[in-house]
């Protein structure tokens, strides 16, 4: 199923645990495009995990790294990009990346997010460190809601990642 949808990037944003990376990899495979996860790219470049960057350099330094990556990726075409959960909430990053393609915000219920994050043993989540991660998820979702709602939102609760990818492809095909 290789269709170009032009040369525009496909950008997936949304809260952690909503399926951005999983769906992004599927989209990239279906479209024969390069997949980039901005968090993994930052980790690779700085030889530290996101958690280590937060601990050693602070959140502000990490956000600057995100902006650097957004500007760089904004110069490229035909990518499938999974952003960190806050990357597209920064107007500088939205300006750099948003104009290069179509942005989809993946969404899930807080209990779904918590369940997925508890089962993800590959990545640590520094923003959820603390005694009550569910309360923190609710707080962060509330803070970020308006930012995520600026983009076409796709609910991922109870839906297989391949079906979510197909929905995105159908939207792209319909709108092209």
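In case you wondered, yes, glycine gets a Cβ from its N, Cα and C as well.
The ATP binding site feature in TrEMBL is assigned to 17, 18, 19, 20, 21, 22, 125. Summarising the annotation, TrEMBL assigns Mg(2+) binding site to 21. Residues or ranges marked as substrate binding site in TrEMBL: 39, 63, 85, 144.
Rounded to a whole number, the C-alpha distance linking residue 17 (ATP binding site) with residue 85 (substrate binding site) is 9 angstrom. Cα distances from residue 19 (ATP binding site) to the binding-site residues 39, 63, 85, 144 are smallest for 85. Among the binding-site residues 39, 63, 85, 144, the ones whose Cα is located within 10 Å of the Cα of residue 20 (ATP binding site) are 85. Highest local Cβ density among the binding-site residues 18, 22 belongs to 18, counted as other Cβ atoms within 10 Å over all protein chains shown. Largest CA to CA distance in the substrate binding set (39, 63, 85, 144): 18 Å, whole number. Checking Cα-Cα distances from residue 22 (ATP binding site) against the binding-site residues (39, 63, 85, 144) with a 10 Å cut-off leaves nothing; none qualify. Ranking the binding-site residues 39, 63, 85, 144 by Cα distance from residue 18 (ATP binding site) puts 85 first. If you take the Cα of residue 144 (substrate binding site) and the Cα of residue 21 (ATP binding site), they are about 19 angstrom apart, rounded to a whole number. The secondary structure of residue 22 (ATP binding site), as reduced to three states from DSSP, is helical.
Each residue contributes its Cα atom, and for residue 21 (ATP binding site) and residue 63 (substrate binding site) these two points are 19 Å apart.
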